[in-house]
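Features reported for this protein in TrEMBL:
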- 6-350: domain 'FAD dependent oxidoreductase' (DOMAIN)
- THR46, SER47, VAL177, THR197: FAD binding site (BINDING)
- TYR245, ARG307, GLY335: D-dopa binding site (BINDING)
Amino acid sequence: MMENNIVVIGAGVSGLTTALLLAKDPWNKVTVVAKHMPGDYDIEYTSPWAGADYHPFAKAGTPEATYEHETWQHLANLAENVPEAGIHFQKSHTYIRNKDLEIESSKKFGDSASSSPWWKDTVPDFRILSPDELPKGIDGGTEFTSVCINTTLYLPYLVGQCRKHGVVVKRQIISHVREASGHHHTFNKADVVINCTGLMASKLGGVNDQSVIPARGQIVVVRNDPNMQAACSGTDNGNDELCYYMCRASGGGTVIGGSYQLGNWESQPDPNLALRIMKRAVELNPALVDGKGVEGLSIIRHAVGLRPYRAQGVRLEKEKIKGVGWVVHNYGHAGYGYQASYGCSQAVVKLVDGIIESKARL
Ligand code: FAD
């Protein structure tokens with residue numbers, strides 16, 4: 001058997017998870033090249049800014065729903081058995097306001113608005129909340145056990161796991177996808193290049209996918225601990241604003257969101273939006289601040305991340321590009337990059353195995 005030289009572009013959750021799963025096959029020799037690495041905070045690098053929790057929004061029967069379903073067990077296993085991954089279980093409430101259900105933007109809440117979503121048997125402890133458990137202004141809701149990922153711990157954990165499996169990680173800016181095949185650590189040309197460039201797939205030469213646009217997410221990270229997570233179907237402040245909070249594992253703080261502003265590249269937090277985000281969270285859960293209002297929040301930082309949104313969903317397919325050879329794309333995960341990470345990466349491994357097999361038959 002021959003060794004397979006693989007270059008992965010990108011060290012976000014998609015690139016690192018893909019590299020790790022590929023490297024579990026000892027015949028695969030994997031190099032990760034990326035402009036940004038865990039530890040960096042940059043507006044072109046989405047993964048560090050995420051909450052991140054597991055709360056499927058995909059429609060039933062779509063590939064994204066399959067990827068999310070397949071990912072749960074991996075994240076649950078990390079939460080249960082691998083403390084150094086920085087993931088913990090957390091009770092999660094989904095709150096529905098009837099007035100949101102007809103609004104187009106709340107459709108991105110997907111099946112979550114239903115009392116019987118497709119994922120109710122994927123996660124543990126799913127149940128419908130009784131009226132006396134609902135906050136003021138909420139018409140219905142559900143509860144399940146989710147996970148919350150401390151991304152500042154989890155991304156370095158993934159790098160460590162990659163290194164343990166022989167992956168070589170290099171800092172490199174790639175202008176055109178064809179350059180990537182020359183960056184394998186053995187100095188041989190890569191047999192396959194994996195494109196995990198997220199939002200920046202829109203600017204990568206040879207790809208230039210203009211259908212990937214930012215879905216701007218502004219957040220406030222606070223020290224207050226609600227000991228649970230929650231998301232509401234809508235807000236009274238416009239269709240591109242959200243209301244949710246989640247508490248990261250191991251001192252990662254509570255992330256309060258948010259917004260979902262399509263096409264907006266602004267990297268700096270908007271102070272007025274920040275105030276609305278905080279007000280909505282303390283109104284939804286006054287216990288977050290012991291009834292003290294917004295002043296009761298102990299702020300760690302205000303922040304903005306850009307989700308790599310693609311109207312047609314994640315691009316997960318192989319493409320033969322002139323001067324490169326086979327490229328497998330895995331980008332455009334919008335707000336579900338963590339909760340679909342293992343499902344998507346497994347799909348990449350299948351595509352790569354198919355390419356290698358067909359090469360071997362030639
Ligand atoms: P990125 O993390 O952006 O990584 C891209 C990588 O490619 C980087 O290393 C970059 O440097 C590299 N790269 C790009 N172009 C080049 C180039 N030309 N040359 C070299 N390297 C290049 N998801 C969830 O599942 N659950 C959540 O609760 C959740 N909450 C979120 C909250 C917010 C506020 C935000 C902003 C996002 C949230 N997400 C959540 C979404 C999630 O963060 C993204 O889907 C995910 O991080 C995308 O990861 P990625 O690896 O595809 O892209």
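Backbone N, Cα and C atoms are what each Cβ position is placed from, and that goes for glycine too.
Automated prediction, rather than curation, is the source of TrEMBL annotations.
In this structure, SER47, ARG307, GLY335 are the binding-site residues from SER47, VAL177, ARG307, GLY335 whose C-beta falls under 6 Å of some atom of ligand 1.
Secondary structure at ARG307 (D-dopa binding site), as computed by DSSP, is strand.
All protein chains shown were included, and the count of other CB atoms within 10 Å of the CB of TYR245 (D-dopa binding site) stands at 28. Per Cα geometry, ARG307 is the residue among the binding-site residues TYR245, ARG307, GLY335 nearest to VAL177 (FAD binding site). In terms of C-alpha distance, the listed binding-site residues TYR245, ARG307, GLY335 place ARG307 closest to THR197 (FAD binding site). Counting every protein chain shown, 24 other Cβ atoms lie within 10 Å of the Cβ of GLY335 (D-dopa binding site). Secondary structure at THR197 (FAD binding site), as computed by DSSP, is coil. Summarising the environment of VAL177 (FAD binding site), the number of other Cβ atoms within 10 Å of its Cβ, over all protein chains shown, is 24.
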